[in-house]
Structure formats: C-alpha cells, structure tokens
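Beneath this line is the structure, given in structure tokens, with notes to follow.
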Amino acid sequence: MATKYPKFSRDLAQDPTTRRIWYAIATGNDFESHDGMTEENLYQKIFATHFGHVAIIFLWASSLLFHVAWQGNFEQWIKDPLHIRPIAHAIWDPHFGKPAIEAFSQGGANYPVNIAYSGVYHWWYTIGMRTNNDLYQGSVFLLLLAALFLFAGWLHLQPKFRPSLTWFKSAEPRLNHHLAGLFGVSSLAWAGHLIHVAIPESRGVHVGWRNFLTTLPHPAGLTPFWTGNWGVYAQNADTTGHIFGTSQGAGTAILTFLGGFHPQTESLWLTDMAHHHLAIAVIFIIAGHMYRTNFGIGHSIKEMLNAKQFFGIRTEGQFNLPHQGLYDTYNNSLHFQLSIHLAALGTALSLVAQHMYSLPPYAFIAKDYTTQAALYTHHQYIAGFLMIGAFAHAGIFWIRDYDPEQNQGNVLDRVLKHKEAIISHLSWVSLFLGFHTLGIYVHNDVVVAFGTPEKQILIEPVFAQFIQAAHGKLLYGMDTLLSNPDSIAYTAWPNHANVWLPNWLDAINSGTNSLFLTIGPGDFLVHHAIALGLHTTTLICVKGALDARGTKLMPDKKDFGFTFPCDGPGRGGTCQTSSWEQSFYLALFWMLNLLGWVTFYWHWKHLGVWQGNVAQFNENSTYLMGWFRDYLWANSAQLINGYNPYGTNNLSVWAWMFLFGHLVWATGFMFLISWRGYWQELIETLVWAHERTPLANLVRWKDKPVALSIVQGWLVGLAHFTVGYILTYAAFLIASTAGKFG
C-alpha cells in the first residue's frame, strides 16, 4: 500500500479524516516534531535548506536580469532615466483586446508591457551596468551560482558531507567566519566593485572583463596606500556640475566624505558609498578576529556571559543584569536564535525602508516616485512580518527550550518573574496613547464638521522640530547646534574643517527631497497614532511570549504546547489562550493595522511634497474625515475609473486588483466570525449533495470530511485578511502614484 501524505508522521498518515491534510500542512515545517528526528539531523536539514534558499534568491535575481535584458528597455532608459518608464517584462494575455493592447504598450514599447517599480534599473545603472549584454552576463552568472548552491545543498545531505552537531554548536568560529567572511570580506568586495567598476563608469570610463586589470581606479595607483598618504584618495572629488555617466565635471577621488547628494542624480555620492563600505569592511574584519577558536586566543563568549567581574569591578547588582547560563540556553535553542535573528533583521529592514527614500543610494531613483512609494511600503511590510515571527519563535522557545534550573537569576528568569509589570505597563501606555490620540482626532473631526475648524486642538511637535534643527534644518529658526554656525557642532574637531557639512546643510534645507521633512500638528497626531500601533502590537507580542509557559487562568499551559485547540476538557473560556493565538494570530492584525497607518502617512505626506502642495496634508491630516476623504477616497478615483464603459487604461489591472483585494480581505471575515459547528454542518450538506448528484458522485474521496477546528478557521481567515489587505493597498499605492506622475 502506498504511503499516504505526510511521510514525516505515521500517526497523521493513518488519520482517516481530512484532518490528515490540515495537520500535515500545519506541521510540515515543524521538523522537531517529525518521526525519527534527532537533534543532529535537525541541524543538518536546516543547514542544507540554507543553500536552497540562497539558490532561489539567485534564481529570482537572475530572472529579473534576464527578462529586462530580453524584453525591457534598459539601454533606452539610461539615455533619459527621468522621463522614460523602465519596463519589467512583456505581457502576453489572450484576454487583451485592442484597447488593452494600446493602453499597455508603454515605456516606448510597441507591445504590452509591465512597468518596473522595483528600482532595479536604477541599481544596475548605479553599479556600472550599461548594456543588455551586461544584464545577460549577470543573469547567466547568477544562474550558474544558483546551480552551484543547489548542488552544495544536496552535497551537505550526503552522509560523508554532513557536518556534525559539535560543528553546528561552535559559536565562536561561526561568529568569526560570519563577521569577517560574510560581512567583512563581502563589504570589501563591494567597495572594490564600486571603486574599480561603478565609479569609473559614472565618469564615462568603461571597465569590463577585458580591461579591469589594466585600468587604474585612481591615477596615483597604490602608492598613497603603501606610503600612508591616504588623503590623496579623497582629493579632486566630482564637481557639483558632474554629469553622471560622463567625464564632464568628473574628478579622480575614490574615497570621499562629501555628504549630501549628487546634484544631478539626487542620490548619495558613489565615492562616499565606497568609503562607507571600505570602513565597514575594516571594522568587521577586525571584529571577526575577536573570538576564541582552536588557537586559545581571543574572547570566550561563555566566559564573558558568566563573568562576575568587569575590569576588576563586581558586576552583579540590582541593575547589572546577570547573564549566567545564557550561553548554553542560546546555543542549544534554535528558536531562541531564530527569534533574535528575526527581530534584528526586522529592525534592519524597517531602517532600510526609512533610509532608502531619505538618503537614496541609487541614481535618479529619488525622482521615480512610484518606485519610492513601492519600496518603502515593501520593506516596512516585510519588517512587520519578521517582527511577528520573532515573537512567535520566542513563544516556542519558552515552551520547548527554556530550562528554569539552568537560567536561575539571569535576565530571562527576571523578565519572566516580573512579566506582570511589563505587560501592564504596555497595556497602560497603549490605553493612554489610544484614548488621547483618538480623542484629539475625534474632537477635531467634530469641530470641522460643525464649521468651526479654528477650534481644533493643534499641537506643534516642538521636540521633534528641535531635533531637526539640531541636525541643521533652518526653517524653524531654533538656532541650535548644526543650525547655528557658532555652536560646538560646527566648531569642534574634525568639523572645523567643514569636511561634510556644506553638502549636508544644502541637502537638509533643499525642500525638494525627503530629508527631515517639515512637520506640524498633523504629523504630531499621526506620530502618536503610529506609537499606539507600535505599543499595542508589542503588548500582544510580548504577552504571547511571556505568558507562553503559564498564567493564572491556565497554569499548566506549557504542557499543551505552542498551539492547542480552545475549550479543551473542563477548560471553558480558554479560547485565544495559546501562545500561537496571541504572539502570532492576534498580533498580525495589529501589525497590519499599524502598517496601514505608517504607509498612509508616508504616502500622503510625500504626495504633497512631490506635487508641490504640502498644504493639503498639513490642513487635512488633523481630523479623521481629512484622512478618509482627502487621502483614501480622493486617491481611489483613478482605481475606480481604471476600466469603464469607454474602454480601458494602463491602470485597469491595478483597478481589478483593488477590487479583488477587497474581495479576498472580506472573505477573511467569514472565517474569522463563524466557528466550527457552522463549517461542520456546511461540509456535511455539501457532501450529501455531492453524493446524490449524477456524474459528480462518480468522484469519491477516501478521507471522511471533517470541518476546520476553530483555530484552523482563524488561520484561514487571517490568511485571507492579510493577503487581501496587502493586495488592496499595493494596488492603491501604485495606481494612485503612477496615475499622478506617469
């Protein structure tokens, strides 16, 4: 008899009901719970999947390069990046009639195409690619690399090439290799690429495989390096009149500290970025030699964490949180490690979102408004999902991997012991922010509705304006630090030589970029709305993790695992008690809610900056109807009109996605509100009808149909809610921005 799915669980494979499929999907990635899984095998499997993951990333990047080279307009776009729309790929759609074919033949193409809003054109242009041939070469190279990684993944599953458990548990060597090798050397390699290829290309000098060993990136060669006269590399930078991609106004410097933006491309100076990556490389390569390996020199992390002395001073006291036992707890728990890594990566991605628009690194991307909006939203959403993952795995860690004996008196133990104080403080601050922010919005809404807008409560964000002024923004007239030429920020070493200040001060005060946007009462309010979203999401996440082991309602919770059905025997009222339901399921709704506010704010604020009409945001963002009417409703116009009785336009696909997204989102509520009994009865009715319908009853299935559990229903609801939410806003964002700016 053929083995039924899933092969990883004999118990599930023998389940006679459709539960078999549901539970198999739910536990497919929970390798720990699979039959015959050992700790060593677990580490080996996860290690091998990393190679597959990297291969998929290379394959994806390769496909972008290939399709743009084949069907895009990269070479035409380079000639006029501000006015030509970059093409992602062609569209072949049998449904397209003549109007659709005409509408989607855009970006200079004579056949239907999709416009690219990912910023890859700007990236490839900045790093020195100039021809379709360059793109094809990159594509083939990445394809070969992907194949190599797939082979490496397969190889590391073979008995002879499987690393041992001790190898996986060697924290110090891994840290050294990742710091020096992964971050350090790759940053050095990137600095090398920028200096040897990208900077010469930006000055009209082509560097390819044939001449890159013979073309000096700097006229003085390596002499200044060997003689310690490094300042030579910063002399003769590109002038403010430099035309990117040509020798006009170009200098010879390769490592600079100019600050601000290249006037023509409105992106960071390539020579500044090369300097940055070189500095990062040096720091990380040094950091990768700090930890003790086979040679007996360097730091032992375990010794440092368990130390009671810090440079001869006793460290264990009320405020010096002791870390004894943390090394083994962390090193032996994959969930603990994953939790911290997800939290760190999530934070980094949110920082990427904030910096990509305010300090654009790629040439001309600052003026591709739709791409700017798409990239900001994309990175903030991914950051949100990663942060939820961090807390979900923290919950699993507390249940499966935490040992109270091993962690007595350390940070983990202390956090657990005063979790009530942490959770109640988060609750208090969420309530405070929620009532006060909503109270002011509602008050303002009412007085505007009654025709007395002058009675609004409008609060200037003076502290935030002070911080902006301290960084050099002159508009507020605060005359402090960098906005005051006589202050210590100006006169102190090393800035008395004005290394980077002139360009930075020009940039921060230009008014046409996104650096330190001018803020007022509308920003003050939405800032606190976002703070409410952040604190509420944090409350749910932290409570889900810290209450995972047990609460007053359910003291033995940890014995039930990370997720369990609600209202078990004799446990009425225990729905939404499991760590899964709190740290993952409930937290996701608030995470999405928060991301809505963050992206609405960013987008509406920027529409005003880009259109030269900042008054609309400033005047209408202080009351609720302003957000509904002047941001959401007004910007939905293009979407609602995407296809109409008079034909179609190139926004019609987004208009369709906008409608479809709403449908998917609304479907979620059907699963979120109706519980198990409804689904069981519905399924039984459908089965009854199926078995009595001629022809249809020729098809039978062996599994007895069983309805979703409440928790499974919620998961289906959550999936629809999330996907619909994202589809709806993505379509809205792209169409409303592209509709205005072409």
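Each Cβ is built from the backbone N, Cα and C atoms, and glycine gets one as well.
Going by Swiss-Prot, these are the annotated features:
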type: BINDING; residues: C566, C575; note: [4Fe-4S] cluster binding site
type: BINDING; residues: H662; note: chlorophyll a B1 binding site
type: BINDING; residues: M670, Y678; note: chlorophyll a B3 binding site
type: BINDING; residues: W679; note: phylloquinone binding site
type: TRANSMEM; residues: 46-69; note: transmembrane segment
type: TRANSMEM; residues: 135-158; note: transmembrane segment
type: TRANSMEM; residues: 175-199; note: transmembrane segment
type: TRANSMEM; residues: 273-291; note: transmembrane segment
type: TRANSMEM; residues: 334-357; note: transmembrane segment
type: TRANSMEM; residues: 373-399; note: transmembrane segment
type: TRANSMEM; residues: 421-443; note: transmembrane segment
type: TRANSMEM; residues: 524-542; note: transmembrane segment
type: TRANSMEM; residues: 583-604; note: transmembrane segment
type: TRANSMEM; residues: 651-673; note: transmembrane segment
type: TRANSMEM; residues: 715-735; note: transmembrane segment
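Recorded features from Swiss-Prot, shown on the structure.
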residue: C566; record: [4Fe-4S] cluster binding site; Cβ neighbours (10 Å): 19
residue: C575; record: [4Fe-4S] cluster binding site; Cβ neighbours (10 Å): 15
residue: H662; record: chlorophyll a B1 binding site; Cβ neighbours (10 Å): 15
residue: M670; record: chlorophyll a B3 binding site; Cβ neighbours (10 Å): 13
residue: Y678; record: chlorophyll a B3 binding site; Cβ neighbours (10 Å): 14
residue: W679; record: phylloquinone binding site; Cβ neighbours (10 Å): 19
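In this structure the alpha carbons, written CA, of M670 (chlorophyll a B3 binding site) and the residue listed as 'phylloquinone binding site' are 11 Å apart. Outside the transmembrane segment (715-735), and at least 6 residues removed from its termini, the chain residues within Cβ reach (under 8 Å) are 117, 370, 373-374, 377, 381, 585, 588-589, 592, 596, 599, 603, 635-636, 638-639, 642, 651, 654-655, 657-658, 660-673, 708. Across 175-199, 273-291, 583-604, 651-673, the stretch most heavily in contact with the transmembrane segment (524-542), judged by Cβ pairs under 8 Å, is 583-604. Here the transmembrane segment (583-604) has Cβ contacts under 8 Å with residues 357, 373, 376-377, 380-381, 384-385, 387-388, 391-392, 394-395, 523, 526, 529-530, 533-534, 536-537, 540-541, 543-545, 548, 576, 617, 621, 627, 631-632, 714-715, 718, 721-722, 725, 729, 733, 736-737 of the same chain, all six or more residues outside its ends. Long-range neighbours of the transmembrane segment (334-357) within the same chain, counting only residues 6 or more positions beyond its ends whose Cβ lies under 8 Å from a Cβ of the stretch, are 42-43, 46, 366, 372, 375-380, 382-387, 389-391, 393-394, 396-397, 400-401, 514, 602, 606. Secondary structure at H662 (chlorophyll a B1 binding site), taken from DSSP and collapsed to helix, strand or coil, is helix. Looking at Y678 (chlorophyll a B3 binding site) and C566 ([4Fe-4S] cluster binding site), their Cα atoms lie 16 Å from each other. A straight line from the CA of C575 ([4Fe-4S] cluster binding site) to the CA of W679 (phylloquinone binding site) spans 18 Å.
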